[in-house]
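Undergrad: Marked as Mn(2+) 1 binding site by Swiss-Prot on the basis of sequence analysis: 123, 152, 156, 243. The Mn(2+) 2 binding site feature in Swiss-Prot is assigned to 152, 154, 243, 245.
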């Protein structure tokens, strides 16, 4: 099911004394409609069926609403249009149908020239986002080289009888194989203790570029930047996805699988901005926000900040 933009969630402070320069996100965003000027389009996937199938803690289906509420009161520093394109909702456990609908709506937004920012939902959003982008770009000849940049404690390359939040990048690899496209996947922040030897072997077989969470520290930032830059130099178009469990549990408690180590938000935000500055970003999303597990809206707030860093 696709629902219209939940504009009632966009509420916040209004500073009348400072005038137009004091606008916040809730004063700038407008519901998406066709035939509007190109801008930034927010699209939610209200789904955690993939988390359930992956034996995780459910609740991420409420993530898009919580993320909108956290974004609403942020100061707006952008210039172009900002649209809310509503939510695709997973009903009756039909994850694959929800992913297909999300991919189709994302493709429509790309056709209209928008930068699409996805609001998760479980990390099953990744396959939906990539397939929507790839389907759109494959109409071009030759098809641009798509790079997948994932900030995540997990490779999400599992083999499983059903798709889940643990399988999206294996699904993407299979999509690429069938389409004759290169599988360009870079995963930053991997937790060695949260990924089995089998998953590391799968990553090696697929030529995945990755850095461990313990490598993604401020003292090692030049090496991390070099790794990211080399990846970005080899692609034409970037899809970026950020799983909030890449952050330490102290910064992001509201996820299905909190990280004991993680990568500090300052490092993640710096790299997100660096990737955005490449000029290659077409689609990005944030995944695994679970409001029911959050503390003082800490995870929602940091998610909102990271999403805002893609714009400001």
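Glycine is no exception: its Cβ is also placed from the backbone N, Cα and C atoms.
As the structure is a computational prediction, the values presented were derived from the model and not from experiment.
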Undergrad: Near the Mn(2+) 1 site, what residues other than 123, 152, 156, 243 in the same chain have a C-beta no further than 8 Å from the centroid of the listed C-beta atoms?
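TA: For the Mn(2+) 1 site the neighbour list reads 126, 150, 153, 154, 165, 168, 169, 241, 245, 246, 287, 288.
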Undergrad: Please report the distance from the Cα of residue 245 (Mn(2+) 2 binding site) to the Cα of residue 156 (Mn(2+) 1 binding site), rounded to the nearest angstrom.
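TA: If we compare the Cα positions of residue 245 (Mn(2+) 2 binding site) and residue 156 (Mn(2+) 1 binding site), the gap is 12 Å.
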Undergrad: At the level of the C-alpha atoms, what whole-angstrom distance separates residue 243 (Mn(2+) 1 binding site) and residue 154 (Mn(2+) 2 binding site)?
TA: 9
Undergrad: Between residue 154 (Mn(2+) 2 binding site) and residue 123 (Mn(2+) 1 binding site), how many Å separate their Cα atoms?
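TA: Distance between the two Cα atoms comes out at 11 Å.
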Undergrad: Could you find out if DSSP has residue 245 (Mn(2+) 2 binding site) as helix, strand or coil?
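TA: Looking at the DSSP assignment, residue 245 (Mn(2+) 2 binding site) belongs to a helix.
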Undergrad: Output, ordered by sequence, the same-chain residues six or more apart from residue 123 (Mn(2+) 1 binding site) with a CB under 8 Å from its CB, or 'none'.
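TA: Looking at Cβ-Cβ distances below 8 Å from residue 123 (Mn(2+) 1 binding site), excluding near sequence neighbours, one finds 50, 51, 152, 156, 165, 166, 168, 241, 243, 287, 288.
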